[in-house]
């Protein structure tokens with residue numbers, strides 16, 4: 001006896017391989033993020049002593065890279081294998097995770113708009129905690145320096161915030177050479193200098209505040225970011241919309257493929 005498969009009882013190759021192509025990019029990107037994060041931890045000696053992960057009071061940027069890598073790798077793998085193997089469980093996991101992430105992003109955006117004062121206080125607290133750990137982690141130090149240089153700012157609310165760091169604190173008992181100073185990234189750059197003067201912020205806060213304006217940035221980074229956002233609102237909105245459209249497209253492909261697979265199974269059951 002011969003059995004024939006009807007043409008309408010086949011999973012759409014269009015949805016199947018488009019979803020696979022969509023996810024292979026994220027899967028490879030996840031692998032790259034994980035590799036970069038593990039390499040950075042290896043260079044810092046964290047892999048040989050995992051207690052260093054909890055020893056840092058501020059944010060370890062590598063941890064964020066690894067978290068993004070794990071999420072992208074997991075979702076990319078589930079989407080790729082689910083599409084190729086026509087596995088409904090993996091596809092539903094992929095679809096549900098994307099929906100959850102999308103709703104989480106939307107909720108964060110709405111909360112940030114409705115509770116601006118609360119968000120400002122949390123950002124201030126977060127920035128101050130990272131100032132405390134400025135010298136404890138080279139990656140965190142580079143991020144803070146880049147933020148201050150690019151935004152022409154210093155500290156969370158101002159240069160005085162560097163009192164939170166034991167090396168820059170003005171405490172009379174401090175033995176640090178950086179005592180009562182600020183990092184070089186707070187200094188107003190001199191166009192004539194081709195080499196960065198990393199000692200330009202030494203002892204600056206022992207001087208009168210009237211003299212600060214000529215040597216360092218006096219605006220806090222929170223105020224600088226608040227001023228930056230309205231000027232670049234279209235860029236921020238464009239990035240958010242682009243990410244949202246990518247997520248919606250992935251959800252659409254996954255749901256379409258799931259519907260096709262379920263229809264084929266129902267058709268073959270008769």
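The chain as shown is numbered from 1 upward.
Even glycines carry a Cβ here, placed using N, Cα and C.
What TrEMBL lists as transmembrane segment is 20-42, 62-84, 91-115, 233-254. Look at TrEMBL and you will find 153-186, 154-170 tagged as disulfide bond.
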Where else in the chain does the transmembrane segment (62-84) make close Cβ contacts, counting only residues six or more beyond its ends and a cut-off under 8 Å?
16-17, 19-20, 22-34, 36-38, 40-41, 44, 46, 53, 90-91, 93-94, 97-98, 101, 139, 250, 254, 257
Indicate the candidate from 153, 154, 170, 186 with the smallest number of other Cβ atoms within 10 Å of its Cβ, considering only these disulfide-bonded residues.
170
Let me spell it out: take the transmembrane segment (20-42), skip the flanking residues so only those 6+ beyond its ends count, and list any with a Cβ under 8 Å from a Cβ in it.
62-63, 65-66, 68-80, 83-84, 94, 139, 249-250, 253
Whole-number answer please: how many Å between the C-alpha atoms of residue 154 (disulfide bond) and residue 186 (disulfide bond)?
5
To the nearest whole angstrom, state the Cα distance for the pair residue 153 (disulfide bond) and residue 170 (disulfide bond).
20
Cα-to-Cα gap, residue 186 (disulfide bond) vs residue 170 (disulfide bond), nearest whole Å
17
